[in-house]
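Features of the protein shown, as given by Swiss-Prot:
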type     : residues : note
COILED   : 423-476  : coiled coil
COILED   : 514-588  : coiled coil
COILED   : 639-672  : coiled coil
COMPBIAS : 647-662  : compositional bias 'Basic and acidic residues'
COMPBIAS : 663-687  : compositional bias 'Basic residues'
MOD_RES  : Met1     : N-acetylmethionine
MOD_RES  : Ser25    : phosphoserine
MOD_RES  : Ser475   : phosphoserine
MOD_RES  : Ser514   : phosphoserine
REGION   : 526-560  : region 'Disordered'
REGION   : 643-687  : region 'Disordered'
REPEAT   : 50-90    : repeat 'WD 1'
REPEAT   : 174-213  : repeat 'WD 2'
REPEAT   : 228-266  : repeat 'WD 3'
REPEAT   : 270-308  : repeat 'WD 4'
REPEAT   : 310-349  : repeat 'WD 5'
Amino acid sequence: MQVSSLNEVKIYSLSCGKSLPEWLSDRKKRALQKKNVDVRRRIELIQDFEMPTVCTTIKVSKDGQYILATGTYKPRVRCYDTYQLSLKFERCLDSEVVTFEILSDDYSKIVFLHNDRYIEFHSQSGFYYKTRIPKFGRDFSYHYPSCDLYFVGASSEVYRLNLEQGRYLNPLQTDAAENNVCDINAVHGLFATGTIEGRVECWDPRVRKRVGVLDCALNSVTADSEINSLPTISALKFNGALSMAVGTSTGQVLLYDLRSDKPLLVKDHQYGLPIKSVHFQDSLDLVLSADSRIVKMWNKDSGKIFTSLEPEHDLNDVCLYPSSGMLLTANESPKMGIYYIPVLGPAPRWCSFLDNLTEELEENPESTVYDDYKFVTKKDLENLGLTHLIGSPFLRAYMHGFFMDIRLYHKVKLMVNPFAYEEYRKDKIRQKIEETRAQRVQLKKLPKVNKELALKLIEEEEEKQKSTLKKKVKSLPNILTDDRFKVMFENPDFQVDEESEEFRLLNPLVSRISEKRKKQLRLLEQQELKDEEEEEPEGKPSDAESSESSDDEKGWVEEVRKQRRLLQQEERVKRQEQLKEDQQTVLKPQFYEIKAGEEFRSFKESATKQRLMNKTLEDRLKLEAKHGTLNVSDTTVGSKQLTFTLKRSEQQKKQQEAEKLHRQERKNLRRSASHLRSRPRRGRPFH
C-alpha cells in the first residue's frame, strides 16, 4: 500500500507493490513473502486483478457486485466477483474492444463495440450474437425506454439498433463530418453527441429532431488557455436533469446548464492532452476529469482543485465505484489501479476492512519495524551490567543479540557513564569544525567559473582515491589539471547555464549515469572484499542487473519528461506575460534625424514615380524623349529603332569628366614616335 497526500487529502494506492509470477509454486511464494518486506506488506484486494499487457476500459455493474474490464493481448474481457474477491470468468474475443456497456444489473447482458465495426452481444452463458455497423464506431449509448442502441463514429449519421425488434432504424443525420462520443440523460432521455468540429448536438429521441447545438470549441478559448488546434469533443457526461460536462481534445472541461448556451465554468488541465472521461461526485459537489496523465478532482461551482491523482502509467479509462470513495483505473500496464480516498466516501461493503486499516495508519503514521528498539549484543549487556535481564520481557532475543527499549537503553547508558553526553557533544562539535575546515579549504581551490562542475570533478577524484580498486578502475586524466580545459574554468563565456533548456533536459541523464557508475564501483569493492566465488550470490537472481538497469532507464526518462513539461509551462507563462505587456504597451511614432549636408528625397521620388506610373505609355515615351533617355529613329525597311540611354548619377558624371580630362592630359604629354622609321629588310616579307 502506498499513501500520498495532496491538499491534506490522503489517497491510498491498493494496487502498488511487486506482483508474484504465476508460475511460482506456493512454497516459493511463501518463502518470498518471508524474505521480501515489499511482498509481505502488499495488499492484493482482488486476486489476479490485471491484464496480460494493457487494460483499455473498466466498468462496474449496477448492483456493484461485478467489475468488468477489457484489454489485450489477446483481446479479452474479464469479470471479477467482488463478493469472492477473485476472477469469475474470462472470455477471449476476436478483435480489440473500443468500449462496452452493461445492459443488465449484473453481467448477464453485455454489448461490445469492436474496432472492426462488429457489435457483439454476450449473455450469462457466453457469446450470443454478432452484427456490423456501416462505419467504424467510436462510442454508443443505450436508451432504456425504447430499447435503442445509438452508435456514433466515423460518419455524420447516428445509427440506431432496436433490440426489441432486432433491426436497424432510420439513422439520425447530424451536421458534423464525424462524431466521437455520445451520452443519454437518465432523467429525461435527451441524447447528445460530440462532434469532431467541437460542437455538441442534442436530440430528442421521441421525435428524432435536433433540439439544440452548443459550440464548445469557441467557448473553450479563454484568455488563460493556449490552444494551437481546433478542439474536438472527446468526453461527454450528464449529471441530473440540467447539468452536462464536456471534455475537449485540448485538455479543457466545460460545465453547462442545458438552459444556456454559455458554459458555467471552463477548467483547463494545463497538459494539452485529450480528456478521457468525466464523472460527477454528488456528495461533495466534485467533478472527476481524467486525461492520459492525471485525474483531477475539483469543485464544480468554483473550479477550485480538491486533489489530484497521477499514476505511474498512462490512463485509458477511469471508473468511480458508486456510493464509495474507491476509484478504478485502466492503465497502459498489466496492473489495473485501485485507489481508496476516504474523504470521498466509505469503502464498499465487500472491502469494509479498508476503513479500519486506514484509521490505524492515521493513528500511527510513522510506525515502522523496530524504530523504538535498540539492538545490543551480549558484550554490550556486560558493559552496561544488564546480563541479569536476559530471558526477561525487557530483552527480545534476535539473531546474535537482543532488542531492548530505546528509552531503557538511554537511561542505563546515562547511569553507567554520566559524562557520555558531554563526550558525544564534544565529538560532534569537533566533527562539525573539521567539516567546515575541509569545506573552507575546498572552496579556496574552486575556480571562479563553473564552480559546481569543478566541485563535482573533485568529488569524483576523491572517490577514486578512496577506492581500493585502483588497478581495476582505469585512471583517466583530471580535467582540472589539464591545460587544454584551463580556459573553461577561467573565461566567463564558458559558464554553464543551468537555466537553459539543453542543460535541464540532459541533467537527469548525466546524474543517472554518474549514480550508475558509483553503484558499479561500490559493487566491485564488495566483490573484492568477499572471497572470489564462481557461484552466483544467493540473494539476487541473474537477471537482477538487467531489471535494475531498465528501472534506471525508466526513471531518467520520466525525469526528462518532467523537465520538458516544466519547460513548456514556463514558456507558456512567459508568452502570457509578454502578451499582457504587449496589450499594456502604447505604441508611439519614431523619428530619425538626418545628418547635416544630406537632403531627404525619398518621399518626393516615390511620389514622382507614382505619378509617372499613372501616365499612359505615350506620355511616358514623350517624357523620356524630352529628357534624352529615349531616341526613336526609322530604318530603311520601315521599322522603328528605339535607343534607351540610362540616366547617370552626379557621381558617375563627375567620374566620367575626370577620366576624360585625364585622357586629354596624357595625350598632351605623350611624345609621338611617328618620325622614327626603320630600315627596309631584305628578302621576302614574312606572311
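Quick reminder: no glycine exception, Cβ is built from N, Cα and C everywhere.
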Which of 50-90, 174-213, 228-266 contacts the repeat 'WD 5' (310-349) most, counting Cβ pairs under 8 Å: 50-90
Same-chain residues near the repeat 'WD 3' (228-266), Cβ under 8 Å, at least 6 residues beyond its ends: 180-188, 190, 192-200, 202, 212, 214-217, 219-220, 222, 272-280, 282, 287, 289, 291, 300-301, 303
Ser25 (phosphoserine) - helix vs strand vs coil (DSSP): coil
Number of helical, extended and coil residues in the repeat 'WD 5' (310-349), per DSSP: 1 helix, 17 strand, 22 coil
Within the repeat 'WD 2' (174-213), residues counted as helix, strand or coil by DSSP: 0 helix, 22 strand, 18 coil
